Amino acid sequence: MPLRDKYCQTDHHHHGCCEPVYILEPGDPPLLQQPVQTSKSGIQQIIECFRSGTKQLKHILLKDVDTIFECKLCRSLFRGLPNLITHKKFYCPPSLQMDDNLPDVNDKQSQAISDLLEAIYPRVDKREYIIKLEPIETNQNAVFQYISRTDNPAEVTESSSTPEQTEVQIQETSSEQLKAVPDADTEVEEAIEPPSIETVVDEAAAPTEEQPQESQADLETSDSSDLGHQLICCLCRKEFNSRRGVRRHIRKVHKKKMEELKKYIETRKTPNQSSKGRSKSVLVSLSRSCPVCCKSFATKANVRRHFDEVHRGLRRDSITPDIATKPGQPLFLDSASPKKSFKTRKQKSSKAEYNLTACKCLLCKRKYSSQIMLKRHMQIVHKITLSGANSKREKGPNNTANSSEVKVELADSVESSPPSITHSPQNELKGTNHSNEKKNTPATQKNKVKQDSESPKSASPSAAGGQQKTRKPKLSAGFDFKQLYCKLCKRQFTSKQNLTKHIELHTDGNNIYVKFYKCPLCTYETRRKRDVIRHITVVHKKSSRYLGKITASLEIRAIKKPIDFVLNKVAKRGPSREEAKHNDSKQDGTSNSPSKKYEVADVGIEVKVTKNFSLHRCNKCGKAFAKKTYLEHHKKTHKANATNSPEGNKTKGRSTRSKALV
């Protein structure tokens, strides 16, 4: 069977390629038929396709075709041009030796290559430009230059009188077109000698020096040219109709950074485009910009928002008054003497800073949709932390001094005279707690009256302490500010700030609560969500798919119970345990040693949850366990804690589980 011949299709040597084949190979018909002759071959054929071919043919040649180079001497094929050059250099040198120093312009190959490049990458037609010069009445050393094309005289471009800048303007006329047409009477088409470079530099420096002085003025400018304003590039004095165009021009042509764009933009009022109008034009700098980073904005409200969010540490006084406040609202700046600085600080603290009921910040006159957003704004922008206990307290003119001390009352006033409940044992009665708190309230009220008497607009001491009477016993009943201890969760904190954040979890307006999570299948409730999930898994034997449905509804089914429920439960357990110990010790006739009392009273109670499942509950703390061994292990923790003093246990931070009754 004869082999397929691999000769080039363009050469017709008939070495058996046209002879009949014994085994026909099905395939693409153009691969099987003879090559079709065209008027041109080789690279000339490609050039002709790019010249007169369709768009689809050009796309095929550029995108969908790879080139294979063939040496005409040895008929070797090369996929890459470097390999072909190396091959021609060492193995098949070209027949014609050409001199590189004297290239023949009329050479057909050079002409073919230039035609190919012109066909693939057509250049813009070479246009001739006319430079028209217009004199300036006020300055004899400078002229206005206008560049226009010969084919389109209506398109005119204004430029400065420097030749180097004229070349830049010629490059930009194809992309950016301006509509500034000078009067035909004042045009001078004869050649005028350009002024010296020093005068041009002085002209360019003059507007930049005037710009910082004019930046102090608050002049409203418009983005559109309909209002008679036109944007000018300070570097080349080119006019634009939009800010986007002048920014792109400065960034692309003059290679300036984004932060420096504002420095090179000016606005000019152009009532008419005559020479007198240009000479008497008013240069106005854009006023809606940030004074710190010089970033320009569309409105003054955007400047205020940018200043509050980006430059948080700075005050609004650094902005000009017309930007710092809304229209019609004056900006109050601190211009007091050093002697009165202490008084002004007190007066400033006594002023109303926010209104939680209206969700409004009184410092920057902003309203928010919720109190959470207002708290976040006060903390981020004004560095004022609002605690949850005073979330619904309104700031009226009569109680401004009292309201400014709300944050201090939670920690500092309690620190001066801590309630005795912090030093009482854990199983102390609730009645003793309230009696001790009532003893300590007069001392705290005295400290508060002293603070209120210092401010000039303070309310009466009785009115100031009236609201605190209802507030402080609740906070002190659940939290120890001196020890930084939460009695509800039995957790100790490292700082007052962490304790204050934790108090917000227990507060809902003026009420303090403890959240309990309930089991949807039984009466089991606990303070930890994961305990409910474990309870549903262990006790009710539910799958993870069921847990996925229930977990989302646990937060909705949660119950907010007052702290009296938790504190009373601890108080009620104390005497009941003592009575149980006392009765058991009498029946057994044993001694009154604490360890033996503990062992006698420490009997687990079996509680049936379902028909086939029961829990073993500890009668000390009310915890329930699935196995009796777990209950025995739990009893050992009570024995270890019984040896320690109750005060030591209270100061030490503990992480305990929920104490819910089944």
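Note that the numbers count up from 1, one per residue, in the order the chain is shown.
Each residue, glycine too, has its Cβ placed from N, Cα and C.
Between Ser161, Ser349, Ser458, the residue that has phosphoserine written against it in Swiss-Prot is Ser458. Looking at 172-197, 250-275, the range annotated in Swiss-Prot as region 'Disordered' turns out to be 172-197. Neighbour count (other Cβ atoms within 10 Å of the Cβ, all protein chains): 20 for Lys132 (SUMO2 cross-link).
Per-residue pLDDT, averaged across the zinc finger (484-506), gives 83.
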